Amino acid sequence: MNAQNCFHCGNDIVKADEIIFDEKLFCCSGCKTVYEIFSLNDLTCYYDFENAPGATPQDIKGKYDFLDNEDIVSKLLEFQEDTTHIVSLYIPHIHCSSCIWILENLHKLQKGIASSQVNFHEKKVRITFNPNETNLKDIVLMMSSIGYEPYISLENYETKKQSVDRSLYYKIGVAFFCFGNIMLLSFPEYFEVGEFWIEQYKGFFRWLIFALSLPAFFYSAWGYYVSAWKSIKSRMLNIDIPIALGIVVMFVRSTVDIAFDYGQGFFDSMCGLIFFMLLGKLFQQKTYNFLSFERDYKSYFPIAVTKINSDGTEEAIQVYDVEKGNRLLIRNQELIPVDGILMSEKTMIDYSFVTGEEVPIEKKSGDKIFAGGKQLGKVVEMEVLHSVSQSYLTQLWSNDVFQKRVDQKYKTITDTISRYFTPALLALAFISFGYWIFIDVTTAFNVFTAILIVACPCALALTAPFTLGNVLRIVGSRKLYLKNATVIEQLAKVNTIVFDKTGTITTNKKTSITYEGTELTDAELKLLKNTLRGSNHPLSRRLYDYIPNQEKGETTRFEEIIGKGIFAEIDGCTVKIGSSQFLQHMSENTHKKTKVHIEINGVYKGSYVFNNQYRQGLEQLFENLSKKYNLVVLSGDNDGERKILEKMLPKNTTLVFNQKPEQKLAFIENLQKEGKNVMMIGDGLNDAGALAQSNIGISISENVNVFSPACDGILDASQFSKIGFFMRYSKDAMNIIMMSFGLSLLYNVVGLSYAVSGNLSPIVAAIIMPLSTVTIVSFVTIMSNAFARK
Amino acid sequence: MSVIYLLISISIVVAAVFLYIFIRAVKSGQFDDDYTPSVRMLFDDELKKESKQIRTQIEKQN
């Protein structure tokens, strides 16, 4: 391990803050405390599985007071009885085996916890505890103190336990059981035709096979009949019609065959077909359990807020119980849950997630504040104007796009093909039937059924699930998490890409800072750093991180005037940092840029300018994309950056500024009316409407475990420059599917030539069917892997 | 009656038993989380090692 990294969390250690404890280096007292807790409880094994697995515990004073409220707690609990309570908590930090280990040993840290079990994929821990010995609040506080803070939001309050649908597994199990046994029982007749032994037992084998095929026919394949029937009713001719027809014809003809002793039937092919197709379904079903693509404001909102009663007492109440006229207490970093009026003197509110505006806005007493903003600064009081459901932000969700989305149906590539395939197949079957009926009625029926059997588009139906399933996995390993396989097809059809500005093409993390003015000496930098240490203002924090590490000085006076700046006295020098207003230094009109001005010992030195930092590879990406796509940048921000963007991005990029959330939505709608297939890439809640409206909404996130609005895919921010690759790859995937369709049609032609001439024997069907499946599956897998490497 | 009836019946019964076990395993949620148990099974040893160390420490003190 690098000696300069914290033993607990792995972050770089700032020399001034370094703490040495038990011969190990820590970056802060928080990390050291966690180590102390673990070593006191003999849990230092935690560090054996993984290097520096921990997280620094956050300051959570008062944050979980709402867990004293019994009603809220009982809503969160999964199971409740006198001595046993069970709760499932979502913990975003779960990422390695050390996490599993420590979370499953929680009972050593807190008395009363009977057991705890981690589900790694869902990033959840299920804790069973005795309510007489401990309570949920203590558990949550204890977990926060060791760096595993659970994420409790309004969403937890409402979700009921979802029942897991495992029917596909059952169906596959049953189909495989039938397929395997029938295959074995069919072999004797394949190899010993006409011999004495088989003549004697033929009836027994055949009827046994018939009995074994019943569960597969009636249970496993049931979904196909339902789907086929639905598509006939809606006149959509999807791929399930020829499949269902094939299965039913196979079953009926085979039953007739053995009943009248014509032959052994096609039961093995039928069960194999059902089994392989269900397997394809399973393969396509790649889900990312720890991500949720359906999140709305509920997973962003707190579950409870602090209400101030008329007699001055504080009480935690459920967010939905907040009424007009209530007074609420909002702490630093807490979210404002409802629209209201600020009662305290002043505060800063960060609306970046709602409007895309990056710089916190100053609000004075009596100003209206809107739900969704994050309060920065001291504790404030507010009076409620609207309840949660009537607040501005939540109203956005009552827009139609969020409702109609559910039944929006795409025509998949397979369905498009089957629109031609199904009629062609039926036509061929009837023509052959018409031809043979004049020659021989029995052969006519045989040919008719044989065509439907052999043309049953097993390979065709398997192509898309296996290709898309594999592609889904490959892009998932490259940190683009798509909701389902149809998103890939949609991705290939996109011709217009709309980008949000703040948080999407710029990063929130690294804002590049430049200094303008008289050069600062080392001593002055030291003063500056020491002044900033005491401030929690976001700009102060960023500037603090930007200035290189300095020695600590002695602060004799420190005053932070919220919304203006800081005044401090350190080692006998006076330092003033803040807005130009605060320093009474009016420079040129630069209100569009974010600046922090510096004055030391009464002399104006200069200012730090905070520029928007664009993501790496942005220019290149736009350059490449502009050749094939229409590009639009849609921003909720003012047009202060227009010039820079115009210079940086290709000429044909459309730039639109000052867009409110509903305007963004309308913008996308207009593009769609022009017949464009729009992909929207955005991040915040302000993009939620646009993401839902667009054909594909991709949400970009620095940390995929934390909130992202409802979307079709979540892209890890580090992969931003790869968007071009993902777009190209989705097109490749479609090409692979087309090639593979060609291949499977080839098999159909071979099979049909047997069928039309009336020569289809069960053994030919039993060979062609698995052979085509294996070829198709390996073809698409190899091809999609090869294209990914390109 | 030929022995073939008996043998085939047995083979099908065995297969059916496996099917039943599979379905029961799915129902109990064994396939819901396929990662955590694989890590969990490696932990017990670590715990024992830990407690042994403590025991030896105690013994030393005695």
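The backbone N, Cα and C atoms fix where each Cβ goes, glycine too.
Nobody curates TrEMBL annotations by hand; they come from automatic prediction.
As given in TrEMBL:
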DOMAIN    A:85-151  domain 'HMA'
TRANSMEM  A:168-187  transmembrane segment
TRANSMEM  A:207-225  transmembrane segment
TRANSMEM  A:237-256  transmembrane segment
TRANSMEM  A:262-283  transmembrane segment
TRANSMEM  A:420-439  transmembrane segment
TRANSMEM  A:445-472  transmembrane segment
TRANSMEM  A:736-757  transmembrane segment
TRANSMEM  A:763-788  transmembrane segment
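Of the Cβ pairs linking the transmembrane segment (A:207-225) with the transmembrane segment (A:736-757) and spaced 6 or more residues apart, fewer than 3 are under 8 Å, so the two regions do not touch. Taking pairs at least six residues apart, the transmembrane segment (A:237-256) and the transmembrane segment (A:168-187) share fewer than three Cβ pairs below 8 Å and do not count as touching. Looking at A:420-439, A:445-472, A:763-788, the range that has the most CB pairs within less than 8 A of the transmembrane segment (A:736-757) turns out to be A:445-472.
Broken down with DSSP, the domain 'HMA' (A:85-151) shows 20 helix, 19 strand, 28 coil. As a quick check, the transmembrane segment (A:763-788) and the transmembrane segment (A:420-439) miss the bar of 3 or more Cβ pairs under 8 A, pairs 6 or more apart, so the two do not touch. The stretch from A:168-187, A:420-439, A:445-472 that makes the most Cβ contacts under 8 Å with the transmembrane segment (A:262-283) is A:168-187. For the transmembrane segment (A:445-472), the residues of the chain that approach it from at least six positions outside its boundaries are 239, 242-243, 245-247, 249-250, 252-253, 266, 269, 273, 276-277, 280-281, 283-286, 412-414, 417-418, 421, 425, 428-430, 432-433, 436, 482, 484-486, 488-489, 729-730, 733, 736-737, 740-741, 743-745, 747-748, 751-752, 754-758, 760, 765, 768-769, 772-773, 775-777, 780-781, 783-785, 788, judged by C-beta separation under 8 angstroms.
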